[in-house]
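Peer 1: Features from TrEMBL:
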type	residues	note
DOMAIN	E:15-150	domain 'Molybdopterin cofactor biosynthesis C (MoaC)'
BINDING	E:75, E:76, E:77, E:113, E:114	substrate binding site
ACT_SITE	E:128	active site
């Protein structure tokens, strides 16, 4: 008794039919947290547009990745996102940077995967730019913070 | 005193010049762990090619994502990967599936980002296929397990 | 007296203007048949999620290809597909696997090319996975089975 | 006793490791034949750069598709193709256009899939440009004509 | 006192929220002019579908590039273009070819970037095809000629 | 008597065969200049990582575009670039920003198109970010500044 909607009765994966869903305003916010050595965080914090802006590059990577979600996640629908933002919270006590990505759409299906993809790729970009000094960084807790719109309503983590 | 090699002396991001590095065999393995509700794990375990093969779909997504890494991570080099594998370990006690992705290359730069991207996208694909039954899944501990080859030598987490 | 709508009066190729067409429910189904040696078909049939699931991989390739149609066929419009399915019929007497791909859209233009692209790429993926044992496989009869919606109405092969 | 090299012993799909294969000159030629109504073929034959050059557009689509093969076929390796050509043979007696695509590479794995993908997408582009006048066109006999280079040597259909 | 709408109050780049804008008919036309040696222009003019159709190839490149705009320009929205045309004006006195690209959309945001991207990539394709005979070609005056639709109304250069 | 190497004797476009060319170090630098209103330039100059870093975003767009060149320019070869840089020169007297993009490769064909594509897309990204305040910006003089390596040797504009 499968309840996984991405498979039909015979177990075949498919892109779920959303043609009959209502066009509503849908939004989602996801987070991913990059934990690192204290000196790595300091290097990032010292940077700016003049000395190397790690979050600036990671933000662009995250925004562009949101637009590629349907190209990456096999059963996602192509979506005409109306808004994408990617922000960063520094958690100094934890030597961590939290990526927060939000997406919006007026459409027939939710944008959770777009927000999660943006947060994941922004976090991986931070890893890429700092890996020469710190290979042991960990991306912890990639997850959905909240979503709203659509038949399943509002979710908050 | 920046040591972040992805920025030049003026702080401008750039694709690091790898033209003078040796062509050597390079490999990397990365992991990402999807934690979920016990019933979600059971649904996935019951599945197969007949009833819905979640890991089978996630594996293909991960392999294809490894090939898109340079398209996703702004300063990564385009690489002619010679091998990509994606595997899954079930951790029943933790209600978790661990994705393990390995990449290989005979080339001038490492494949850590390719392995990390494959693991991340495979994990996000698991999330996508199960989110209708469990929105609170968390992708924990995306990280590099080991890499070898190249001037910086071998790393083990 | 050209009737090929993808060219203007001077013979220049263009993306046909569909801005004034109605938004209607449109769907299309296409097929492609892979003929092979009897032993190749047997190898595929013995496979499953445990021993190598050829149709499972080909299905994902077909679904993802449907989403790339506008990137592949120069004059196709980018479309927000609402549904894609790819299925397989085994024709044992003919030593053949028939791929059937269906696409749906609420939009201004038809989805025939999306269904044909999904079927073609799924068929090529079967070829790829089996070519080490059988290079003489042939993809026969890639064609539109039916389409509905839009001004030109319903077509059945 | 699986002999399908794209699966490991546990049945998991993977990108086959080609790192130890020799770098040799490899080439492949594939064909796909588009059968159509006699009037459709006439329309195409009357066209040229001034009145609508169907093969000219299809050729570009095929060449560009060869470069996307690794993005389309899940287990294909990304390859640095050194040469791609796409040509067209008119078979008037059969009311058909045969697409012939050839690819070359100095590399570690063959280019059969690149040639087959180029031929398939060129054929689909012909279909797209003529479908408004002839929906019943069929792409028959997409297949490998020959390949050479590499350990498995030369193949001729 | 920044008025650059692609940054928020803290200076972070973001994809501007267009969710509350009206769906209207929007169109834009852009141009780019390739200046070259007189003999280069002659070579191009002698060409046709039989002897090498430079504008024919450049047109397809421009049309396909319009569809990739959101993939290239970081903060552009993905758009379902309803129409793309690319044309060429020969300016013999100036030894120049002017590319003109027009895009249309029924949607929530303008298509200026799509028209500019189509014109730029068509011009670069002309450069690519002729660079073996003339490396000193210059693409001059890439600019918006006009746009209409949306709240900011009509613009004419 | 065509000398355009991208066409064969029958006038068919093709990807030129570079398989027999030597693997040498190749590099190219291209420029594109964005002319704008004086106030637009001031707005850009006031920006930084805190208030909106236009060149920072344009640089990433240019670097990522260099990697997509073979996807955009139909007859370009896919290349494993070893280095990409994008820089900006402010020409205050001219109210202009000059983009300079350099690419490097150890390979069989030149990287002029990669440098030109990077410069063009970086310039278009500047246009995109400033177009709400200045639609009349012009991208002037997109051209090759120099290239070296390969049989045709060194070129300087």
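For all residues, glycine too, the Cβ spot is worked out from N, Cα and C.
No curator has checked TrEMBL annotations; they are predicted automatically.
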Peer 1: Helix, strand, coil residue numbers for the domain 'Molybdopterin cofactor biosynthesis C (MoaC)' (E:15-150) per DSSP?
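Peer 2: Residue counts for the domain 'Molybdopterin cofactor biosynthesis C (MoaC)' (E:15-150) by secondary structure: 48 helix, 45 strand, 43 coil.
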Peer 1: Rounded to the nearest angstrom, how far is the Cα of the residue listed as 'active site' from the Cα of residue E:114 (substrate binding site)?
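Peer 2: Counting only the Cα atoms, the answer is 21 Å.
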Peer 1: Between the two most separated Cα atoms in E:75, E:76, E:77, E:113, E:114, the residues recorded as binding substrate, what distance in Å do you get?
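Peer 2: Across E:75, E:76, E:77, E:113, E:114, the two farthest Cα atoms sit 12 Å apart.
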Peer 1: Of the binding-site residues E:75, E:76, E:77, E:113, which one sits closest to residue E:128 (active site) when you measure Cα to Cα?
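Peer 2: It is E:113, whose Cα lies nearest.
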Peer 1: With CB distance below 8 Å as the criterion, list the recorded positions among E:75, E:76, E:114, E:128 that sit near chain F.
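Peer 2: Listed recorded positions passing the 8 Å Cβ cut to F: E:75, E:76, E:128.
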Peer 1: Under 8 Å Cβ-Cβ from residue E:76 (substrate binding site), six or more apart in the same chain: what's there?
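Peer 2: Sequence-distant Cβ neighbours: E:15, E:69, E:70, E:113.
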Peer 1: Under 8 Å between C-beta atoms and at least six apart in sequence, can you list the same-chain neighbours of residue E:75 (substrate binding site), or say none if there are none?
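Peer 2: Counting only residues 6 or more apart in sequence, the Cβ neighbours of residue E:75 (substrate binding site) under 8 Å are E:6, E:13, E:14, E:15, E:16.
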Peer 1: Could you check the recorded positions E:114, E:128 and say which one's CB has the most other CB atoms within 10 Å?
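Peer 2: That would be E:114, with the highest Cβ count within 10 Å.
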Peer 1: Counting only other Cβ atoms and using a 10 Å cut-off, which of the binding-site residues E:77, E:113 scores lowest?
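Peer 2: Each of the binding-site residues E:77, E:113 was scored; lowest Cβ tally within 10 Å is E:77.
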Peer 1: Cβ within less than 8 Å of a chain A Cβ is the test here; which of the recorded positions E:75, E:77, E:113, E:114, E:128 meet it?
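Peer 2: The answer, in sequence order, is E:75, E:77.
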Peer 1: I'm checking region-level scores; what's the whole-number mean pLDDT for the domain 'Molybdopterin cofactor biosynthesis C (MoaC)' (E:15-150)?
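Peer 2: PLDDT averaged over the stretch: 95.
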